[in-house]
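One structure below.
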Amino acid sequence: MMKYTKENFIFLLCGIIIYIVDIGVDFWVASKYFYKGQYTWAILIISFRCLSSLITQIFSYQWFKNDCEGTDPEKLKLIFLVHFFHCGIFIRYWFALKYGCQAAFKQNSNGDVSETDHPNFIQKQAIDVLTDINMLRIFKTFLETTPQLFVQIYVLMEHKNHNFYQYAAIIMSFCGISFSTVDYQVSLRKSLPDKERFRVLSKLVYLFYKLLTITSWILSISLVTLLSARSSVILLILLWSCGFAWTLKQHTTFCKSKEMEFLYRTIIGIVLLFTFFNIKGRKTKVPVSIYYVTHSLVTVGILLVYWFWKPSVAKEIHFTIVGILTILCLVLGIVFLVVYYGLFHPTYYCKQQTCFDEVDRGAGDNVEIGRFQNFIMQ
């Protein structure tokens with residue numbers, strides 16, 4: 001298992017800052033829409049925020065509950081109240097700062113130390129807490145940040161009057177997607193012992209692959225929505241159904257209860273609307289190929305529909321720019337995808353329990369198999 005570094009701690013601080021600023025920007029943008037009488041956009045922005053917060057609080061509390069089995073019931077009640085008021089993520093950030101600071105700056109392996117003070121144990125604590133946060137941030141990214149990005153881009157395409165707060169919201173969305181996807185991959189590499197270190201070049205390639213393919217897809221969906229909101233909803237429901245059916249076929253085992261597992265599969269179906277993830281840690285060549293071939297065909301199909309059905313719109317300069325950006329982002333995204341999977345993707349695929357059983361705490365005991373092994377991988 002790799003070490004928790006000062007760089008990881010700095011990224012954690014940046015992530016906290018972005019998280020807090022993102023909350024402020026969401027309410028600022030929503031208030032601007034309310035002030036201008038654009039209630040639909042304001043309600044959508046707040047709804048995505050509330051939905052992602054609710055889901056992250058539910059999973060965060062369940063993880064605390066699972067980790068605290070056999071402890072004081074009063075402690076669980078307090079944890080429940082904190083999550084009830086949607087502040088559970090801040091508890092996790094507090095522990096991440098505490099253990100991260102110890103692991104990155106205060107570790108000292110000299111002398112006799114207790115098991116809980118052993119450097120390797122502190123490293124594991126820091127990585128585990130950060131991994132939980134990054135899993136929750138993946139939920140937030142695709143339940144809130146990415147849908148909000150779609151709304152902002154759609155509003156920019158539909159209305160000619162552009163405002164600073166709209167661009168601020170788009171920038172924050174891109175920052176949120178960037179930090180969450182890269183941080184998640186860093187946590188993945190650190191938590192799985194046989195995966196190579198996620199170096200700067202591989203981070204950039206992975207980031208561009210995700211951002212460009214997601215941007216192309218959001219532009220495509222925005223074009224469909226401009227053409228027909230009903231068609232956009234039908235397309236998204238159809239694609240979500242395919243993603244949800246795939247999770248059912250994969251027999252995911254992330255949660256302990258059937259109800260939570262069903263919720264998890266539902267959310268992963270939403271995540272798969274925007275980007276591909278390997279939900280079982282198996283080889284991805286065929287699934288990822290099918291996924292992006294399908295998205296490419298749908299994207300090209302949308303542009304062709306505009307070209308033949310709405311030729312007057314297709315000849316407008318705005319559509320030309322959006323169309324070029326859509327195709328350019330798609331092509332470049334696929335190029336970065338091929339480069340990432342060809343040169344930087346780990347060649348070792350961790351089978352259930354195998355690699356986790358080989359990780360040593362460094363204090364004499366084998367590490368417990370964590371929830372991360374059953375979460376989405378690449």
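Placed from the backbone N, Cα and C atoms, the Cβ positions cover glycine too.
Under the heading transmembrane segment, TrEMBL lists 9-29, 41-64, 76-95, 164-186, 207-227, 233-250, 262-279, 291-309, 321-343.
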Beyond the flanks of the transmembrane segment (164-186) by 6 or more, those residues with Cβ under 8 Å of it: 8, 11, 14-15, 18, 21-22, 25-26, 28-29, 32, 45, 130, 134-135, 137-138, 140-141, 145-146, 148-149, 152-153, 155-156, 198, 203, 206-207, 210-211, 214, 378
Interface-richest range of 9-29, 41-64, 233-250, 291-309 toward the transmembrane segment (76-95), CB pairs under 8 Å: 41-64
Candidate ranges 41-64, 207-227, 233-250, 262-279, 291-309 - greatest C-beta contact count to the transmembrane segment (321-343) (under 8 angstroms): 207-227
Distal contacts, the transmembrane segment (9-29) - CB-CB under 8 A, six or more residues away: 45-46, 49, 89, 93, 96-97, 100-101, 103-105, 130, 133, 137, 145, 148, 152, 165-166, 168-169, 172, 175-176, 179-180, 183, 186
Stretch in 41-64, 207-227, 233-250, 262-279 most in contact with the transmembrane segment (291-309), if contact is a CB pair under 8 A: 207-227
Long-range environment of the transmembrane segment (233-250) - Cβ separation under 8 angstroms, sequence gap at least 6: 221, 224, 265-266, 268-273, 279-280, 287, 298
